[in-house]
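Residues or ranges marked as active site, proton donor by TrEMBL: His74. If you look up TrEMBL, you'll see Phe11, Ala42, Leu43, Glu44, Val66, Val67, Ile68, Asn98 marked as 5-amino-6-(D-ribitylamino)uracil binding site. For Glu71, Thr72, Arg112, the entry in TrEMBL reads (2S)-2-hydroxy-3-oxobutyl phosphate binding site.
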Amino acid sequence: MARFLIVEARFYDHLNDMLVDGARSALEAAGHEVEVLTVPGALEIPGAIAMASDSGQFDAFVAIGVVIRGETYHFEIVAGESARGIMALTMDGVAIGNGIITVENEEQALARADKTRKDKGGEAAKAAIALLDLRKKFG
Ligand SMILES: Nc1c(NC[C@H](O)[C@H](O)[C@H](O)CO)[nH]c(=O)[nH]c1=O
Ligand SMILES: CC(=O)[C@@H](O)COP(=O)(O)O
């Protein structure tokens, strides 16, 4: 059993509830402990994971968020920079699954948040488990 922290950017409550449910279901099915931390938006996720990782209280992390394109370039910043921050932490050895969905509209988001459809929350949780297993394998 390992200690997982789900760091969710709660920008769209109903979509986050679905994604967190998928991630939690996957983690608990694998026998792991799960806590959830909420931050304002996807741009805050990498920093929150860095702080939580430095605390030593958790073994792995799942990033959960929803970024829906609006009228401006901000979509590219939020989507790209949250992914870049998570990738930088992963390359530094932090086991993180990225469940931040970046979509054009609500319909696309619903399909990906629903654990009975594309289950991106569960997918991210399984990726985090896989990275944690690799870290244990390589020491
Ligand atoms: N537009 C979305 C955001 N924007 C907020 C940023 O993530 C950030 O919280 C803000 O710029 C303050 O630093 N966040 C999402 O998660 N999803 C969006 O669609
Ligand atoms: C992804 C976003 O930042 C988006 O929700 C913001 O919308 P807008 O670009 O219309 O300000």
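In case you wondered, yes, glycine gets a Cβ from its N, Cα and C as well.
Under the three-state DSSP scheme, Ile68 (5-amino-6-(D-ribitylamino)uracil binding site) falls in the strand class. With a CB cut-off of under 6 A applied against ligand 2, the recorded positions Ala42, Leu43, Glu44, Val67, His74, Arg112 are reduced to Val67, His74. The Cβ of Ile68 (5-amino-6-(D-ribitylamino)uracil binding site) lies under 8 Å from the Cβ of Tyr12, Phe75, Val103, Glu104, Asn105, Glu106, Ala109, each of these being in the same chain and 6 or more residues away along the sequence. Closest by Cα distance to Val66 (5-amino-6-(D-ribitylamino)uracil binding site), from the recorded positions Thr72, His74, Arg112, is Arg112. Counting other C-beta atoms within 10 Å of each candidate's C-beta, the recorded positions His74, Arg112 are led by Arg112. All protein chains shown were included, and the count of other CB atoms within 10 Å of the CB of Asn98 (5-amino-6-(D-ribitylamino)uracil binding site) stands at 21. In this structure, of the binding-site residues Phe11, Ala42, the smallest number of CB atoms within 10 A of the CB marks Phe11. Candidate binding-site residues: Phe11, Ala42, Ile68, Glu71, Asn98, Arg112. Those with a Cβ under 6 Å from ligand 1, in sequence order, are Phe11, Ala42, Ile68. Annotation for the binding-site residues Glu44, Glu71: lowest Cβ count within 10 Å of the residue's own Cβ, Glu71.
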